[in-house]
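> My questions all concern the structure below.
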Amino acid sequence: MVRVETKENSWSFEQIYDEYKTPIYNYVYHLVGDREQADDLTQDTFLKAFRALPKMDANLKLSAWLYRIATNTAYDALRRRKLIAWLPWQDLDHEPADVDSADPQEIYGTTEIVRAALRRMPQQYRAALLLYTQEGFSYSEIAHTLNIAESGVKMYLSRARQSFREQYRSLEQGGGAK
Amino acid sequence: MNCERVRDLLSAYLDDQLSAPERQSVTTHLASCADCRGILAEYHHFDALLSQLPRISPSPTLHTKIFTSPRYLKLEFELERGLQRPQVVAEITHNQDISFAILLLLIGFSTLLLLRHQRHHKHTQ
Ligand SMILES: [Zn+2]
């Protein structure tokens, strides 16, 4: 088993994976909204982290650092996806058209509406909202993870909540409107 | 403060991230505006929904996929070889120095032998 040692810490890759696999996978999944892609991106995140870890200094905050790698990895993938989004069937950022029909509450439970609203809101605000609500990060931890100022976090969360609310309400009321 | 300004501050108000005067202005506005109060209540509700969203775990095969991937095996090989640890790298260089010295000695020795052999030939001719 490979152990990585810095001045104050000793980690094994297996331990890191076991401890963070679910939070990181769950986070990446909610950023990209696709399980298969979340698999690939989680793998990429951990492999990038394992490779960089021996070079990191002793006071590394492992958790925030892993989320930072995961965020960058997922956003890179989302940007690539946007480049090929001119193919209508690959436009995964939007829900399929059948959401328009019937009462969405009957098709979707609250959990699905929440997930759909997350997918529909602007990508750049999604991470901040997930880190705050799902991971319980503070403003300063989010700032550190997303590499932005704390005032930026305030703005991101405000925009995130406004657009999440819009998307949630439109899904609740019939789903069609963007 | 008007509704538009208040709505920009509601998120930070919910998280208690406003300065005291801003906070006071928003509180005053909320006392008389049912619409903004409604939005604040929704934000609060959405935060709860998001925090209670079921966690999704990776499939157990992801572990195998990662730890048997060529990228992982390459990294493991490098780390076990100590290619990333300075003291081991120094050891390798040290070993190379010794090998080089031995090689030089061998070349020198065989040249000497060859020369003696040639001289011996000249004598016997
Ligand atoms: Zn108002």
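For all residues, glycine too, the Cβ spot is worked out from N, Cα and C.
In TrEMBL, annotation is done automatically, which means it is predicted and not curated.
Sharing the record's features from TrEMBL:
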DOMAIN    B:3-37  domain 'Putative zinc-finger'
TRANSMEM  B:98-115  transmembrane segment
> Could you pull the average pLDDT for the domain 'Putative zinc-finger' (B:3-37)?
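Summarising the domain 'Putative zinc-finger' (B:3-37) by its mean pLDDT gives 97.
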> Per DSSP, how many helix, strand and coil residues does the domain 'Putative zinc-finger' (B:3-37) have?
29 helix, 0 strand, 6 coil
